Amino acid sequence: MKIVEVKHPLVKHKLGLMRAHDISTKRFRELASEVGSLLTYVATADMETEKVTIEGWCGPVEIDQIKGKKITVVPILRAGLGMMDGVLENLPSARISVVGVYRDENTLTPVPYFHKLVSSIDERMALVVDPMLATGGSMIATIDLLKKAGCPCIKVLVLVAAPEGIAALEKAHPDVELYTAAIDKGLNEKGYIMPGLGDAGDKIFGTK
């Protein structure tokens with residue numbers, strides 16, 4: 001599995017700000033979107049382009065254009081919504097597919113409860129976005145669903161990943177690509193990433 005820890009200074013700076021215990025909902029939400037945008041820039045660097053001719057101000061001009069059906073953005077509900085605006089800044093025409101998975105707090109196992117995928121998923125690259133890759137269960141369940149629907153290419157964008165989640169994802173889906181702003185130390189006894197960001201969903205939505 002291709003694993004990319006994006007070490008750009010802007011990414012590291014913004015992620016560092018997100019780790020503050022007293023960060024406001026507004027600021028956390030802004031930074032999640034900004035880091036999501038930067039991760040998207042890196043993750044799409046290998047997209048194929050094709051030459052097309054358009055009418056420019058001085059006559060015909062040849063330009064590069066993204067080839068094919070392009071992309072669907074797949075936020076995992078609910079926390080993935082916090083990164084979606086940043087992704088769409090770079091890909092404003094991307095179609096959106098939504099997957100709902102929550103983690104049972106007692107067993108730490110993923111529980112899928114909703115999905116709505118674009119009809120042309122079998123012709124698109126999927127960018128799956130979720131702030132945290134902890135145990136990997138929710139991400140694996142989402143990718144299982146995408147592959148079952150025929151999605152040919154899947155890339156994962158997360159703010160923070162734990163080694164345990166990376167190992168689980170690589171074992172289940174070695175063909176996907178992972179882009180993360182940080183690989184942290186590991187999980188605590190409750191399955192939270194340490195030092196991590198805390199509960200990203202609660203911080204994005206202001207529910208705690």
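Glycine is treated like the rest: Cβ placed from N, Cα and C.
A quick note: this is a predicted structure, and the numbers were derived from the prediction, not measured.
According to Swiss-Prot, the protein carries these features:
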type	residues	note
BINDING	Arg78, Arg103, Asp130, Pro131, Met132, Leu133, Ala134, Thr135, Gly136, Gly137, Ser138, Asp199	5-phospho-alpha-D-ribose 1-diphosphate binding site
BINDING	Ile193, Gly198, Asp199, Ala200	uracil binding site
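Take Arg78, Arg103, Asp130, Pro131, Met132, Leu133, Ala134, Thr135, Gly136, Gly137, Ser138, Asp199, the residues named in the record as contacts for 5-phospho-alpha-D-ribose 1-diphosphate: the widest Cα to Cα gap among them comes to 17 Å. Counted within 10 Å of its Cβ, the other Cβ atoms near Ala134 (5-phospho-alpha-D-ribose 1-diphosphate binding site) come to 27, all protein chains included. If you take the CA of Ile193 (uracil binding site) and look 10 A around it, the binding-site residues you hit from Arg78, Asp130, Met132, Ala134, Ser138 are Met132, Ala134.
Between the binding-site residues Gly136, Gly198, Gly136 has the most other Cβ atoms inside 10 Å of its own Cβ, all protein chains included.
Across the structure, Ala200 (uracil binding site) and Gly136 (5-phospho-alpha-D-ribose 1-diphosphate binding site) place their CA atoms 15 angstrom apart. Long-range C-beta contacts of Met132 (5-phospho-alpha-D-ribose 1-diphosphate binding site), restricted to its own chain and to partners at least six residues apart, with a cutoff below 8 Å, comprise Ala79, Val158, Leu159, Val160, Ala161, Ile193, Gly196, Leu197, Ala200. In this structure the C-alpha atoms belonging to Arg78 (5-phospho-alpha-D-ribose 1-diphosphate binding site) and Asp199 (uracil binding site) are separated by 11 Å. In sequence order, Pro131, Met132, Tyr192, Gly196, Leu197, Gly201, Asp202, Lys203 are the residues of the same chain, not among Ile193, Gly198, Asp199, Ala200, whose CB sits within 8 A of the CB centroid for the uracil site. Neighbour counts of Cβ atoms within 10 Å were compared across the binding-site residues Ile193, Ala200; the minimum falls on Ala200. Rounded to a whole number, the C-alpha distance linking Asp199 (uracil binding site) with Ala134 (5-phospho-alpha-D-ribose 1-diphosphate binding site) is 11 angstrom. When the Cα atoms are compared, Gly198 (uracil binding site) and Asp130 (5-phospho-alpha-D-ribose 1-diphosphate binding site) turn out to be 14 Å apart.
All chains included, 17 other C-beta atoms sit within 10 angstroms of the C-beta of Arg78 (5-phospho-alpha-D-ribose 1-diphosphate binding site). Long-range Cβ proximity for Asp130 (5-phospho-alpha-D-ribose 1-diphosphate binding site), meaning a same-chain Cβ under 8 A and a gap of 6 or more residues, is found for Pro75, Ile76, Ala79, Gly80, Met83, Ser138, Met139, Thr142, Val156, Leu157, Val158.
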